[in-house]
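First comes the structure, then the notes that go with it.
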Amino acid sequence: MAPRSLLLLLSGALALTDTWAGSHSLRYFSTAVSRPGRGEPRYIAVEYVDDTQFLRFDSDAAIPRMEPREPWVEQEGPQYWEWTTGYAKANAQTDRVALRNLLRRYNQSEAGSHTLQGMNGCDMGPDGRLLRGYHQHAYDGKDYISLNEDLRSWTAADTVAQITQRFYEAEEYAEEFRTYLEGECLELLRRYLENGKETLQRADPPKAHVAHHPISDHEATLRCWALGFYPAEITLTWQRDGEEQTQDTELVETRPAGDGTFQKWAAVVVPPGEEQRYTCHVQHEGLPQPLILRWEQSPQPTIPIVGIVAGLVVLGAVVTGAVVAAVMWRKKSSDRNRGSYSQAAV
């Protein structure tokens, strides 16, 4: 999430459409990790539009600064990078102080490593309006404090987090942040969507297929794969005779493929011989209509068994003859050139 005053630098270039295909999001993720005896905590921040990372900051870099991760953001001018880098450095210092305070409030030893994570951002609907805003923190992998959906109140996870909650309430931080979410966060998101529209507003349809994996004589797994799709939002379901098999479906989380697209699978265990009663249904915004797939059994070989056996006999004879010939040639060659035999050996 960019600093509030950054929008003033960018406002002259905001000539954007009023409607969008689907909803979109802008997210700023941060992680501060203490490392006793090895200097200040390390701070890493990444920023995403939808499922695409486009900015990254690492305090351990040779020159700590906000770095572009997508070509479309490289067009921004020097002031943009100055502001985003300054914002990340300020957050890094704030989180380092917060880590020390939390260590003291939880009465923890300074010998151990601790982690403070944050996530801020906004979701925008197709009409360009705010769907939901976020501001939350976790300490050592557990919820600490978060802004509620009403954007007016906070949820504190424990008595220590309530100290932070009282501070936020005294400073009227929820109101300040709500103003940002409803205004500048959405404006920045619209700008990024426009500048990176060839990447961010694309819809790559999934390539889907069903794989068959026998488990035993009594069971087999049908796994429905969806590969190479963007954005990450997708729905995979299995049906048996038209009835959805929600309870019996194993579904993995959508995961990045490493090339800017995503992959996912859903599996069901079925009795042998009943595979054709099951259909996989794939829904994605890149598809003109949902895909419906069944397992396609590979055709059985049509070569007669007798022909196969005869062929193997002939092949065996050929191989045997070749081996005998090679040995005889090798022996003759050895008799003629004993001095060079070792160099010729494989």
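Quick reminder: no glycine exception, Cβ is built from N, Cα and C everywhere.
According to Swiss-Prot, the protein carries these features:
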| type | residues | note |
| --- | --- | --- |
| BINDING | ASN91, ARG105, THR164, TYR168, GLU176 | peptide antigen binding site |
| DOMAIN | 206-296 | domain 'Ig-like C1-type' |
| REGION | 22-111 | region 'Alpha-1' |
| REGION | 112-203 | region 'Alpha-2' |
| REGION | 204-295 | region 'Alpha-3' |
| SIGNAL | 1-21 | signal peptide |
| TOPO_DOM | 330-346 | topological domain 'Cytoplasmic' |
So how many other Cβ atoms are close to ARG105 (peptide antigen binding site), meaning within 10 Å of its Cβ?
14
Let me make sure I understand the span of the peptide antigen site: among ASN91, ARG105, THR164, TYR168, GLU176, what is the greatest distance between any two Cα atoms, in Å?
26
By a simple count, how many Cβ atoms lie within 10 Å of the Cβ of TYR168 (peptide antigen binding site), its own Cβ left out?
19
I need the least crowded one of these binding-site residues (ASN91, THR164, GLU176), counting other C-beta atoms within 10 angstroms of each C-beta.
GLU176
